[in-house]
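Have a look at the structure below, then the notes.
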Amino acid sequence: MQPTLGDSLKNETLKFECETGNYHTFCPISCVSWLYQKIEDSFFLVIGTKTCGYFLQNALGVMIFAEPRYAMAELEEADISAQLNDYKELKRLCLQIKRDRNPSVIVWIGTCTTEIIKMDLEGMAPRLESEIGIPIVVARANGLDYAFTQGEDTVLAAMACRCPEIGENITNSVETDTHFPTAASTNNVNVLDSRVSQPVTQKIVSQTSKSTSLSSSKRTQAPLVLFGSLPSTVVNVLTLELNKQGIIVDGWLPSQRYTDLPALGENVYVCGVNPFLSRTAMTLMRRKKCKLINAPFPIGPDGTRAWIEKICNVLGVTPTGLEERETKIWQSLENYLSLVKGKSVFFMGDNLLELSLARFLTRCGMVVYECGVPYLDKRYQASEIALLEKTCLDQNVPMPRIVEKPDNYYQVQRIRELQPDLVITGMALSNPLEARGITTKWSVEFTFAQIHGFANSKDVLELVTRPLRRNMMQSTSTKTLVK
Amino acid sequence: MKLAYWMYAGPAHIGTLRVASSFKNVHAIMHAPLGDDYFNVMRSMLERERDFTPVTTSIVDRHVLARGSQEKVVENITRKDKEEVPDLILLTPTCTSSILQEDLQNFVNRAAMESKSDVLLADVNHYRVNELQAADRTLEQIVRFYIEKAKKQNNLSVTKTVKPSVNILGMFTLGFHNQHDCRELKVLLNQLGISVNEVIPEGGSVLNLKNLPQAWFNIVPYREVGLMTAVYLEKEFQMPYIDTTPMGIVQTETFIRKVADVLNQIDKNNFYDFDQYIDEQTAYVSQAAWFARSIDCQNLTNKKAVVFGDATHAVAMTKILVREMGIRVACAGTYCQHDADWFREQVWGFCDEVLITDDHTQVGDMIARIEPSAIFGTQMERHVGKRLDIPCGVISAPVHIQNFPLGYRPFLGYEGTNQIADLVYNSFTLGMEDHLLEIFGGHDSKEVITKALSTDSELNWTVEATSELNKIPGFVRGKVKRNTEKFARQNNINTISIDVMYAAKESAGA
C-alpha cells in the first residue's frame, strides 16, 4: 500500500483546498456536554429553539437523565416576534436556575436564532448579572459560524475575559513570588479533590509541593497558563509532565471551578492543548496581553514531546529525558503499530483534531490520503502544520491533501476511488460506508476519549485499530452488504 | 421562553424528513445552518440504515444572513437533481428559515423548471407544529401533489381492484416498531383475503401514489400520522378509512369487524364475516387471552400502573391493561397536546386521572406521587423509573436504539398481543417471586437507598427500625420508607422507631 517515493517528495509542501462546506458535523452547542462536567459550579443555558434542544437531547443520550447542569431556554413564537421582553424572560429563567442550582456562573450559549433575531445577549448579560448577583458569560456558539469543537473555543474565549488580572510586578517582588506558587498549588488541590485515585493524589501533592518549594526558593520562570478543557486526570498528567522539566503550571483555562479561573496578564505565557482554540488564543493575546507559545498539540508521543520542548524552549528551560521517554512510549505501542503500518486513512473532517491525528498516524506509519477539516487557522496551527510536513518527509510518504470546508458528497466519491483502509468520519456516514465494505471509525470518539499526553497515545491507537482488529476477527466484514 | 432539557416530540422538520426518507428515491434538502443535519445520525444509528440518508443541507451561514440564499438553494436543488436523480426533491424549512422569511416557494418554482425531478416546499411552520403534526401534513401534501399531477396528466387510475385491497397509511422510518407492525398488518390482512395496494410512506414510491385510489379503503394504524391523508382521500375519492389501532385483543377484534363492515358496504355481492377468524386467532394464535386467565396473571390484579406516551400507544395500552389484564391504571397521559380531546374521550372510565403535558418533570412528579408498581411510557419514563426503582416497559416514542430490535417485535395484531403480554408481565415483579419475598421477608441485605425524586430526609431512623426496614423486600422497601417518613412528617415525629413504622402501616391501611 505504501508508495515508496524518492527525492521528488523532498520539495513538496502541504496543499490546502477549500470545498463547498456541505459536510456533516455536530452543532457547536454540543460543547455544553463536556464543559458543564468540566466546570463543576457552572450552569449552561442554551438560548435556542426546539431544534437545538432535540439535537442536545439525542446527541447526549444518557447524560440527559443525570440531572445535567444545562438547560434550554426554548424560544417560542412570542419571543421571535418580540411580543415578550427578552430581558424579562431571561431574568425569570436565570432566577429559577439560581434558586434551584445556585451555580457560580451561568453561561449563555447564543444560537443561530439569537443571531438572526439579533438578541443582544452581550448587552443584557452585565445588567442581569448585577441584578441577580451571578456572573453571566456569553458565548455565541452557533451553527452559522462554527463547527462542533469550536463551540468550546467560543466559551473559553468569553471566559478568558473573566480571568482575574495578574499583579504588575509579579515576577520581581518576593511577596508575590511566594503568593504565586501557592495559588498554583490550590488550583491543583482543587483539581484533585474529585475522582483521582489516592496514590495519584499523593504523587501529585508531593510533586506540587516539590515545585512549590522549588519555585518559592527562587522563581525564575514566567507564569504559564494552559488553555483547553480536558478531563482532570489528563490535566494532572500534562501538569506533571511539565513539572518534571521544572516548569510550573500556574493555572488552566478552564479550571475545575469557575471561581478558580487563572490570573492572566502581560507577562503570562499561554499555550493551547487543542487545535480548535484559535479564538481563545487570539483573545488571550489581544485582550489579556498574554504571550502565546505556538506549539504542536500534545497528541501522540511525537506531539507531546514537541509540545513540551516548545514550552521549555520559550521559557528558557533545557528539556531532559524527553527523547528516551518518547522512545519508550513508541516501544510500548509496538503491537498497535504493526497493525497500522502501511495502512491508508481518510479523514472526512468534523472536529478540527484532524491535522494532529493525521500527523500522529503518519508517524505511526500510516498514509493519510485526505485530511478534511472544518476550519483551519494557519497561524494558530502553524507549528502543527510544520510538524505534519516534517513528519511526512521523515516517513517518506506523500503529503495529505488538506480540504477545508469539505463536501461530503465529493468525499464519498473520492473514497470510492481510493478505497482507503480506514475512514474516520461522523456517525451519519459510518454505517452506510461500512455497508459498502469501507472500514470506518467514528470521529466523535476522538473528542470524548482521552488522547493527550504520552500515556494516552495508546488510547488513540486503541480507537484507530478497533475496526481493523474487528476486521481480522470477522470474515464477513470484507463483503459488501449492499448491492 | 421555556426552561427545558427534554422534549417528547421533535421539531417540525424532523417530521418532514421522516416522510421524505421513508419514501424511496425522495431527497430532502434542509434550509438550515451547519449541524442541523443530526437527523442523518439518528437514522444511520437508530435504524442502523445501510444507505446514505437522502438528506442534505443548503447551508445557512453568515453570507446567507447578509444577502439571502439567492442562487444557493436553487443550485443545491439542481445539483442533487443531477447527482441522485430522485423522483422528488423536498425543500425542508427549519426554525432558522422560519425567521429568515425568505421566499423559499420562489426558489422551488425556479428550481423546478431546471430539474427533472419534482420539487416541493414542505408546508410546515416550526413554531406552529411539532414533529408528528409536520409528518402528518407533509405526507398529505405529497399525496395531494401526486394525485393532482396524475389528474392533470390524465393517468389517475380510479378503477378499484377486483379483489378487496387496502392502503396502509403512516408507516415510517424512526417510528416505534413500525417495520414489525407493518409486517404483522400485512399478515393479518392477507389472512382476511385482503391484498395490500400501497404502503406509504415507508418503502413506497411517489410514482405509485397515483394508484392509491385503486384500493377499496385505507387504514391508519397510528393516529399521529396518516389521518390527514386518509381524510383527503375520503373527500376526493369517497374512500372509507379505518383509524382503529389493532393493538390488544379487543381493539384488534374491533378493527377486524370494522374491516368487515367496510367490505360489506362496498361489495354487496359477497358477505364478509370474520367471526370465526377472530375466535381462532384469539384462542390459538394470541396467547394473551389465555394468559389473562392463567393464575400467574391473577397476581397482577389491581396492581397500579401509570401509562404515558403518544396518543395511539398510550390509549391502546391503557385499555389493554384495564380490560385485558385487570390492572389498575392510576394515570394515563399523553404528550400529544394537539389531540387532547380525543385522548380524554378514549381513556375516560379506564383510569383514575388523565395527564396531558409535554413537560417531563410533571410526568416524573406524577409517577413519584402515585408510586405505581410499573410504568408504561417512553424512554424518559424508563429513566424516571430507574431512579425510583420502579420497572418500566417502553411503549412509545421517543425511543433509543434498544427500541429498534433486530428480532420480530410487533405491537399490532395478534402477534403484537403476545409481545405486549410479555412486556407487561416482565415489567411487574414475577408473581411467585413476589409472593415468596413477601412470606420470607426478602433475601437481600443491601443498604437502603434514598430516593432523590420524592423525599429528602432529615428524619432519624432508630437502629431497630432500620433493621426492620431492611427485612422488607427490596422492591417495596423504598415505598415503605417513603410512606413511613410521610407519616412521621405529618405527625411531627422526628425519630422513627418500629412503633412508628407500624403506626404508619396501619394508617396507610396496608
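Glycine residues also receive a Cβ, built from the backbone N, Cα and C atoms like all the rest.
Record features, source TrEMBL:
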| type | residues | note |
| --- | --- | --- |
| DOMAIN | B:12-428 | domain 'Nitrogenase/oxidoreductase component 1' |
| BINDING | B:Asp36 | [4Fe-4S] cluster binding site |
| ACT_SITE | B:Asp296 | active site, proton donor |
| BINDING | B:Gly431, B:Met432 | substrate binding site |
B:Asp296 (active site, proton donor), number of other Cβ atoms within 10 Å: 13
Field: Rounded Cα separation (Å) that holds between B:Asp296 (active site, proton donor) and B:Asp36 ([4Fe-4S] cluster binding site)
entry: 49
- request: Ten-angstrom check, please: count other Cβ atoms within 10 Å of the Cβ of the residue listed as '[4Fe-4S] cluster binding site', all chains counted.
  value: 25
Query: Do you know the mean pLDDT across the domain 'Nitrogenase/oxidoreductase component 1' (B:12-428)?
result: 93
